[in-house]
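Colleague: Structure incoming, see below.
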Amino acid sequence: MVFNSTQDRQAKIVELLRDEQFLAIGRLTEHFQISVATARRDLSELHEAGLLRRTHGGAVSVTQVTQDKPNAARAVWNRAEKAAIAGVVAGMIVEGDTVLLDAGTTALEVAKKLADRRNLTFISNGLDIVEELTRGEGKSIYSVGGEYTETNRSFRGPLAEQFIRQFNVDKLILNAASIDVDRGLICTSSPVNASVARAMIEVSSRVIVVADHSKFTKSSLSVTARIEDVGVIVTDSGTRTIIETIPEKLRKKFVVAN
């Protein structure tokens, strides 16, 4: 499809994003019969105008910027992918580990895989996660206190951070609302959530980020950590194309669950 002006083409890009979650550079070059450089320039100009959000390899609608969604809603999204990720993460946990689980639906899937394991110590600020871990015997469980939020059924705030800083953790299972591979950032939906996550990172020897492919086509408000500063990011096969395009130094951080 050929458009006579840049303005017409960019207007059509914005229109397409109303119906599609993500527009890749390749999709734009084919649809509009333009070069990669022109497609990138269009997206950059529309990003500057606040009409879309530029992401690695394309763009998302500004309405795709993440906010907290209820756990019940998020639990059904990409369920198979989250279960596959959880299986890989469970294999990284060894007897005697102290494991801190960040509240979230992917970490909840990890808890389900670990609930019957013995000789482990668990800490979590997620109510659903703590409830899941009470299944089975032969382990220790610590529930983080603080201000309760019903949205993701978690405890957060200064009291939660103070409690977390009392521990020495072997492995942290950290959720991500989004991952910006262009800037090398792991993000979450609010400054409050980010502050709790940073407290978790401070006390943990190894940080294991869990994120399905949908987290790579979104944008979030608050930075939790840099990709280079975490141990590993476990994701699903839907991110293979994105991972192949990033620098090798960061690519080594990713483990793909099949």
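Cβ coordinates are placed from backbone N, Cα and C, and glycine is handled just like the others.
In case it's useful when we look at the structure, here is the feature table from Swiss-Prot:
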DNA_BIND  23-42  DNA-binding region
DOMAIN    6-61  domain 'HTH deoR-type'
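I would like each feature placed in context: is it buried or exposed, what are its neighbours, and how far apart are things?
Modeller: Taken residue by residue, the DNA-binding region (23-42) breaks down under DSSP into 15 helix, 2 strand, 3 coil.
Here the domain 'HTH deoR-type' (6-61) has a mean pLDDT of 84 out of 100.
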